[in-house]
Each structure stands twice: as C-alpha cells, then as structure tokens.
Amino acid sequence: MLFRSALLSNVLLLPACAHDVLFSRDLPLPIAANAESYTDCANAAWPPSNVGVELVPQPPDDELRAMVDEMSAENIEATITKLVSFGTRHTLSTFNSSTRGINAARDWIASEMRKYAAESNGTMTVEVQSYVQGVASRIPFPVTISNVLAKATGSEDPSRVYVMTGHYDSRVTDVLNYESDAPGANDDASGTAIAMELARVLAKHQPKSTIILGAVSGEEQGLYGSTYLAQTLKNTSTNVEGMLNCDIVGSSTGDRGQKDPFTIRAFAQGPPPLSAESSAKAAQRLQIGGENDSPARELARFSAEVAANNATGMKVAIIYRLDRFLRGGDHTGFLQAGYPAIRYTEPNENFAHQHQDIRTENGTVYGDLIEFVDFDFTARVGKVNLATLWSLAQAPAMPRNVTIDATILDNESRIKWIISNSTDVASYEVVWRSTIASLWTHMLDVGKVGYVVLPLSKDNVIFGIRAVGKNGYKSPAVYPFPG
C-alpha cells in the first residue's frame, strides 16, 4: 500500500529549538544558536515542511511506573555491602573459601538470583555459565570464569532477547594482584547490584520478550566473561536486539567535587566494527551519511526517549564514543558479535576511587570504597535500565529490511520495509531529524503498511522506521540503507 503523507497537511507542527525541548538529554549545556534559523537549529527538520508532528518521548505506562517504583536503594546498598565483604573479587583470587574471593561472590550472587527466580512461577531461571580460560593476557594461569545469568523468558516472543550486565570481579592498582583487598564498590558492585535488583523486580513481572540479567566476571582481566557470553549467544544464533552494560554507575560526584546526581552517560559506538558489518556496507554507510545511525546509537536514542523522565528522575546523556579514553567495557564483545550494545557510566568519575590500592596520601583517600557510593543515584540508574529493558521487551520487534530508494533523482523519499505478521503490530512510524540533531525530532504514523513516499528530501534529513505495538510501545528506529 502506498501512503502519501502530503495528504496530512493539517497536522503541521513547527519544529522546536533548544528553548522548547521538554527536557535535557545531553550532558553539556546547549551552545547558543540563532533560534530563528532552521539551518542552525539542531531540533529542526530543515527546510520546514507540513509533514508529521513533533516527536514526543514515549511516556511510561502505569505498569512500568509501578515497576520503577519497586527499585530499592536499600536493596542495592545491601547488595553492594555484601559484595564488598568478600574482600577481593579478583578473577584470579582464592577459589576454596566461602567468605573471600571470586567464587564465594559468585555462589552468593547465584543463591540470591535463585531466590528471586523462585517467585516467578517458573518464568525466570538462573544459570552459572562457566568455562576455563587458558593462559592469556592478564591471565598467568588457567582459571575458571563464571557468569551468573538470570533469564526472564518472554511470554509472547521469547526468541527475541535483551541483555543487561554488570561485572562482579574487582582489582587494585596492579591488575595481577589478586591477594590485596579490592572492594570494587563502584567498579562494579554497583552494576552488579542493579542487575540483581532488576532480577528481583522482573521475577514478578513477565516481559513479552526475553530479558537476560547477568553478573559477569573477568572484565578487569580483559572482558573475558562478557565476550564468552556474547559469543555463546552468537554461536546459538540468538536474536539479541539490544545489550546494556552498567559499569561504574555508583557515584554522582567527580574528582573536583562536582555533582550531577540526575544524569547518566550512555556511550554509543558509531560505525559498527568490521566484524559486524561488511566493508561494502561500511563504505556505503559513510557515503550516505549513516555513520551516526549505527544500531548502537539507535539503542542509545531509544534509551534517552523512554528512560529520561519523571518516573526515573534521570537524564540520559548520549556520548558518541565506544567508551571513555583508555578504558573498555563489557558491551564491546556484544558489538563485535554484531549486537547493538551501549554502556552506562556515571557522569563525573573520580579516578582516585578506581583501580587503586587502598591508602591515604597527602590527605587523599584512594580506593574503590563503599563510602563513596551514592545508593540513591545507583537506584535511579537502575530505573533507567528497567525502563529501557521493559520498553524494549514490550514493544514489537524492529522492522526488517528497511530500505530507501536511491535510484530516482527527485525531492521525495521512498522507504519500504517488510510488514510484520505479528498481531501485536498496530502500525509503523517514520521518524526523522536534521542531520545535525542528536535525537529524533519528528514522526509520522503511516499505518500498517510497508511502503511510504514522503515529500521530504532524503538529502536534508535522517530517516528511521519503527514499529508501534497495540499496547503503545514503540521499537527502536531502524536506519534505511539504499535498496
């Protein structure tokens, strides 16, 4: 069916500039610009047209709001306190103690996860996924690396999977020092505590699609546990449509005392790695200006849209990078496996409290100590993860085979995709933005069709297509390639 949006000229809403946005989703303050000029306004679809309406972020429904309210800062504090009590959780630490070391922590996490799963009426299962890592970088002797995974099986589309992880291993200054205490309260007991709290909440609320909540190991030695998890999922052809990595999400205070307790950064890679995208497609992406519309960045935009609101009390600041300088994270292995993945990290880091021997020098306390963790902030980050995961799982799957016609030299845009046979899909939306805008700014519901012709030049805007469920939830947008 052909849908011509020009017929909807009565739905004109002019685009908003910086002073009109509903809430801020970027970390830096906006740079002053001429608000009267559509060419300078990042939130404008230039040139102005009478197509579509201004995009309004997806609000949480009553069920999601109630779930978000279940996230407990007290539970997160108790979990971090317990993880710190194991002394060190270094990947190479003692294996034969029930009170100290990585295995003691693993067993406790698994025990707690199983308690949560017992409340799920069989919809949540817990697995300890282990393998023996031979001698390798930062691994001087063979060691068992274990991931604790709680899987909430989807009620309607269980083959579609979303993953969230935090890593439970820790370290001090010397990455091979597995004897000294390494509390790892922020890095990354905070992310592990969020994964566990999400498991507790989701055990009582079955999602439509499957959600895996993981406490992974071997991160500090080289992302071993998460890479193994990603490759295992890839080797079994698991359809992972999104992965969230929570790492260093426990403090709102930076090393200069600056505080930003209501913002979380979301790191999102640009062009996918060559292991996930062919060289031909990578070249095409650059040719058509799609370097800012990788699956990872669409996932980050989705998180900013559904999780930055008054239910979570947070803003999501998208950072257009794989990760911070000189650092890496557990989302990397998922990206290399071809899965969309992003990393959440606190807005202002204090490096005296990361990867440090516990000590005091010149009045400065070093070490990843629990006294530096903001439990309310960590709980709010958990709410961002919950809102994102639940909104992903309740929405229809992303549209498939989305293409734009690049064979005709004109000022219309022809986009097509495969219509889903799912009864949950109510319609599709075209979203778009200026090429200099970070987030989608405009949308047009085109019904349950698989082809649309828009009186907007593909040269001037960036398009995406997303599926809309009968329940109101919307999928992440898919960027169209020529086809």
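Heads up, residue numbers simply count up from 1 along the chain you see.
Glycine residues also receive a Cβ, built from the backbone N, Cα and C atoms like all the rest.
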Which of ASP157, ASP174, ASP247 shares the Zn(2+) 1 site with HIS167, ASP187 in Swiss-Prot? The record says ASP247
According to DSSP, ASN310 (N-linked glycosylation site) sits in coil
Among the glycosylation sites ASN96, ASN362, ASN401, the one whose Cβ has the most other Cβ atoms within 10 Å is ASN401
Per DSSP (helix/strand/coil reduction), ASN96 (N-linked glycosylation site) sits in coil
Its Cβ having more other Cβ atoms within 10 Å than any other among the glycosylation sites ASN411, ASN421, the winner is ASN411
What DSSP reports for the domain 'Fibronectin type-III' (396-483) is 0 helix, 44 strand, 44 coil
Least surrounded, by Cβ count within 10 Å, of the binding-site residues GLU220, ASP247 is GLU220
Whole-number Å distance separating the Cα atoms of ASN235 (N-linked glycosylation site) and ASP187 (Zn(2+) 1 binding site) is 29
